[in-house]
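Data block below; observations after.
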Amino acid sequence: MKTYLVGGAVRDSLLEIPVVDRDWVVVGAAPSELTALGYQQVGKDFPVFLNPKTHEEYALARTERKSGQGYTGFTCYAAPDVTLEEDLQRRDLTINAIARSDDGELIDPFNGVADLQARVLRHVSDAFGEDPLRVLRVARFAARFAHLGFSIAPETAELMRQMARSGELAALTAERVWKETEKALQSQSPQVYFQVLRDCEALGVLFPEIDTLFGVPAPAKWHPEIDTGIHTLMTLAIAAQLSPEVDVRFSALCHDLGKGQTPKELWPHHHGHGPAGVLLVEALCRRLRVPNPVRDLAKLVAEYHDLIHTVNKLRPETLLKLFDAVDVWRKPQRLEQMILTSEADARGRTGFEDNPYPQGDYLRQAFQVANAVSVKEVVASGLQGLAVRDELKRRRQQALAEWKQTQDIPLDQA
């Protein structure tokens, strides 16, 4: 029985980036041998065991054979006669098919080290095409390692395109699509994930609401990049610089979905695209089973991001309506998330990437002014019921009106 460190741990150590999880392959052993050593079996579909001391995963070397549709349609064979090379051959990319023995020797039958050095994402074998989830995984790796200069090998990109055209992506469950997408949104360059999916024709299958935005023009005066799809990915890239939160990044991705519904005869203008986008965000999130907090922020951003761009022109009562809609009194973090997403929208335009966004500080200060009005004082004044609400609103409007007279910020239109 021999054990080897495999997969991401070997890859990341060779890239000299932090190793998060360590996975092991066991060659030449039966399940009974591992359980006798105190290992606990956790895998249902194939033998995976937890080390009793480290709690790291140890999997018996195995092969996989396509037996049905989708990413679950595989028959697994795990036995002592399965070799390390056979186990590595079933993996998706050459950079993930490198093993390291106990003495530090690298076992690299598919030239993964060379691809690491060349910064290339390349599939191990044609078996890659049997698992549609791998299209998303490669797109995610492209996003994760984009800052290191990685690109997808042409033959791998072509195979991904063939897979997208085959209809197999339809077999992916909503949970798996969202899981890969969520990981991609957490990467340093999440916009690359969606660009890769578009390049291999998978975006229209999995995210038609986003794919539709490409080719939809916006006024060149405000959007020199013109194409709404390009603007969307630029906005996502800026959002990734501003916040690590998936909620903010997903909202940036979805902020202009409504523009995809504008009739062509009205191009390049998109009046009312905010409310139209809310329905599309709702449909997208329902289909992919996006968590409710992520969905709720994306809907708010879709509806109100244009209003935030013009915040210094809003009347006190309109500001309060915005605060109420966002439920900022109970969820103040939402306001900051919306500000960051709106800033990403304003800066996600050719030539505007480094521009300031004074609307953000203006809105932060406006909330501080309104929130400083004491609820306790209103209650202590003897008012009851709806009269408390009305008086609180009146005092907040008055405070905002007085504060607004001291403010003067330049206005840009996104």
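Sequential numbering from 1, following the chain as shown.
Here the Cβ of each residue, glycine as well, is placed from N, Cα and C on the backbone.
Taken from Swiss-Prot as is:
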BINDING   GLY8, ARG11, ARG91, ARG137, ARG140  CTP binding site
BINDING   GLY8, ARG11, ARG91, ARG137, ARG140  ATP binding site
BINDING   ASP21, ASP23  Mg(2+) binding site
DOMAIN    228-329  domain 'HD'
Given a separation of at least six residues and a C-beta threshold under 8 Å, show me what packs close to ARG91 (CTP binding site) in the same chain.
GLY7, ALA97, VAL124
What's the CA-CA gap between ARG11 (CTP binding site) and ASP21 (Mg(2+) binding site) in angstrom, rounded?
11
Tally of DSSP helical, extended and coil residues in the domain 'HD' (228-329):
80 helix, 0 strand, 22 coil
Measuring Cα to Cα, how many Å separate ASP23 (Mg(2+) binding site) from ARG140 (CTP binding site)?
19
Whole-number Å distance between the CA of ASP21 (Mg(2+) binding site) and the CA of GLY8 (CTP binding site)?
8
May I ask you to report the DSSP-based helix, strand or coil state of ARG140 (CTP binding site)?
helix
Counting other CB atoms within 10 A of each CB, which of the binding-site residues ASP21, ASP23 comes out lowest?
ASP21
